[in-house]
Amino acid sequence: MGKNLKEVMRMLENSQRRIEEENGKKPVSEDIPGPLQGSGQDMVSILQLVQNLMHGDEDEEPQSTRIQNIGEQGHMALLGHSLGAYISTLDKEKLRKLTTRILSDTTLWLRRIFRYENGCTYFHEEEREGLAKICRLAIHSRYEDFVVDGFDVLYNKKPVIYLSAAARPGLGQYLCNQLGLPLPCLCRVPCNTMFGSQHQMDIAFLEKLIKDDIERGRLPLLLVASAGSSGVGHTDKIGRLKELCEQYNIWLHVEGVNLATLALGYVSSSVLAATKCDSMTLTPGPWLGLPAAPAVTLYKHDDPALTLVAGLTSNKPADKLRALPLWLSLQYLGLDGIVERIKHACQLSQRLQESLKKVDHIKILVEDELSSPVVVFRFFQELPGSDPAFKAVPVSSVATAAVGRERHSCDALNRWLGEQLRQLVPMCGLAVLDLEVDGTCLRFSPLMTAAVLGTQGGDVDQLVTCIQSKLPVLTCTLQLREEFRQEVEGTAGLLYVDDPSWPGIGVVRYEHVSDGNSSLESDPEGEKIHTGLLKKLNELESDLIFKMGPEYKGTKSCIYVGMASDDVDISELVETIAVTAREIEENSRLLENMTEVVRKGIQEAQVQLQKANEERLLEEGVLRQIPVVGSVLNWFSPVQASQKGRSFNLTAGSLESTEYTYVHKVQGTGVTPPPTPSGTQSKQRLPGQKPFKRALRGSDAVSETSSVSHIEDLEKVDQLCSGLEHSSPEAHCPEQISTAPAPTARQTETLQNKAQHPEDDDPQVEGLERLR
């Protein structure tokens with residue numbers, strides 16, 4: 001019993017202590033988020049939370065099922081990250097041996113695959129980080145006293161980094177921020193404008209810039225060349241640039257997607273020259289479909305002390321473990337798998353390029369780069385009446401006065417085309433980019449997207465088919481834009497708004513009467529008119545899309561007309577917009593006028609009723625207003641007063657007496673309102689014809705003459721119907737029946753035949769049936 005009592009007391013003490021601890025923790029737990037309260041969450045709940053955060057809430061709109069196609073090689077790369085964390089827990093000696101083996105194997109494989117002999121590797125997460133480390137190495141190599149004197153050495157002789165004008169945006173700013181250099185240390189080299197490709201670095205101009213910098217006391221430090229730029233995939237003349245850099249002792253760094261073709265059997269000479277450069281950056285992750293795989297910078301340098309100071313090498317095992325995902329994935333793929341994926345991407349780009357050459361109104365940029373796995377194309381306008389030898393003339397070669405309008409129109413249409421193709425063929429991974437010279441273009445880069453999205457040859461064929469299906473709408477819309485602008489400018493009350501970002505036919509605004517008096521910030525009347533106009537236009541059930549956009553460059557609410565086909569009647573469209581807007585404005589003004597008239601009529605009626613009441617008081621006298629005396633006087637001598645009132649005539653807008661109503665027990669009809677004149681005569685349409693459609697334009701079954709004759713036949717039907725209505729009373733008139741002469745035998749026979757064939761009684765009826 002004593003043992004049991006001790007056990008009970010211990011349990012009670014533990015329970016009391018637990019209650020005290022819970023009471024003491026309550027104020028603290030209120031400040032801690034929910035998942036951290038208590039003893040923690042189990043693994044199932046944590047994984048469920050991660051899944052919900054990855055896929056979003058159920059109320060949100062469903063997105064694409066999977067952004068990336070993670071294959072077995074992708075799983076190996078993901079395994080490398082978790083395995084690296086596990087390997088880091090080993091003892092130092094085993095960890096050193098393992099990381100050294102992983103780093104040396106990966107370096108050897110990459111050097112052999114991409115033909116870069118006697119080089120070192122630096123693995124980094126951010127793609128631009130490798131170039132920043134190379135710049136540090138170049139500074140330490142050229143400035144021997146930089147470690148001791150620091151930036152004083154750079155101040156006396158400023159370094160210069162040369163970048164191409166076609167380099168990726170923000171690269172120079174990133175380098176200056178990482179190195180602590182001012183922006184004047186950057187020098188942008190323009191691309192060729194007169195001779196050679198428009199997307200390659202101008203070597204002659206580069207040499208001139210280098211000589212000028214040397215004369216000014218500056219030090220040409222590093223040159224960044226492109227082997228497949230992020231824009232159009234161009235490749236600079238790396239061989240010639242290498243000779244120039246050796247002449248002036250400049251570090252040459254190369255980057256770009258075309259470096260992946262170094263793994264293939266056939267490589268162009270311009271890309272093959274990159275193997276002789278001082279350094280280059282590779283991105284095998286997107287090339288091979290490896291998620292979260294690091295980028296690799298290969299470089300040649302003999303001084304390990306300078307590479308250690310620049311940050312390209314490290315003694316930390318964790319830094320060496322960055323190569324583990326690539327080490328696992330490269331072993332899984334093998335050389336054949338690596339070459340097959342890169343070769344497949346190049347074949348996709350060549351397939352698309354050959355197919356687009358056969359499509360009209362599509363211009364391919366950088367056609368001379370046959371080995372480039374990047375295809376950049378755009379929709380362009382074919383000038384009417386141009387010489388057949390110069391059939392495909394880009395918009396940029398037209399006169400300067402028309403270039404701006406046509407250029408902006410084509411850019412808007414290309415943006416619309418890119419959005420449509422990305423929705424219809426998402427597996428191709430198209431990107432929309434804006435180029436300074438060519439404008440808005442579409443880029444197909446299978447090296448960066450094919451392995452991730454799983455793009456196949458059928459997807460490229462589907463992409464070409466979708467482009468061909470969208471071309472008629474694009475060409476017709478571009479042709480109708482000028483006609484729409486002319487029609488709007490020639491129509492009173494309409495204002496054409498030149499919005500270059502709208503890919504449709506155009507933008508129009510109705511200028512109402514008080515448009516000039518309203519401010520730019522608020523225009524309730526104009527917004528009301530355009531809202532009603534948009535509702536009326538959408539109720540017509542035409543093939544056009546109408547929207548009401550926001551204010552554009554000081555212009556208030558407008559009507560945006562969408563894409564159109566070739567059978568749109570622009571004159572009818574503009575006329576309908578003008579007439580409908582005018583009717584809405586007139587109806588609104590009529591309602592406002594009627595409101596004002598009614599208000600004034602009520603005020604006038606009150607004044608007249610007050611005067612009538614005063615006249616009645618003067619007529620009856622003061623004695624009749626006294627309660628008792630007035631009753632006695634009214635009993636002896638009642639007042640014969642007529643009931644007077646007022647009615648308001650909405651048609652005439654005036655007050656009228658109600659005496660006629662009380663006398664004749666009927667309300668006066670007043671003045672009959674005139675009929676409301678219609679704005680325009682409605683255009684005759686064929687049965688089933690939608691609004692704004694030209695009558696059977698482009699139809700193979702019925703020609704234009706047949707459509708005209710069909711309309712004439714419809715008019716004849718109306719005339720025959722009206723003729724039959726006029727002739728039917730005369731046929732039943734008794735006087736005509738009595739005075740008609742007796743029918744002859746031949747007429748009797750004819751009447752009997754008509755009785756047997758009642759459908760042939762009247763030639764007009766026969767004609768009516770035939771026309772029907």
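Placement of Cβ uses the backbone N, Cα and C atoms for every residue, glycine included.
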What range among 18-37, 58-77 does TrEMBL record as region 'Disordered'?
18-37
Within the domain 'PDXDC1-like third' (484-589), count helix residues (DSSP H, G, I), strand residues (E, B) and coil residues, in that order.
41 helix, 20 strand, 45 coil
So what's the mean pLDDT when you look at the domain 'PDXDC1/PDXD2 second' (372-478)?
79
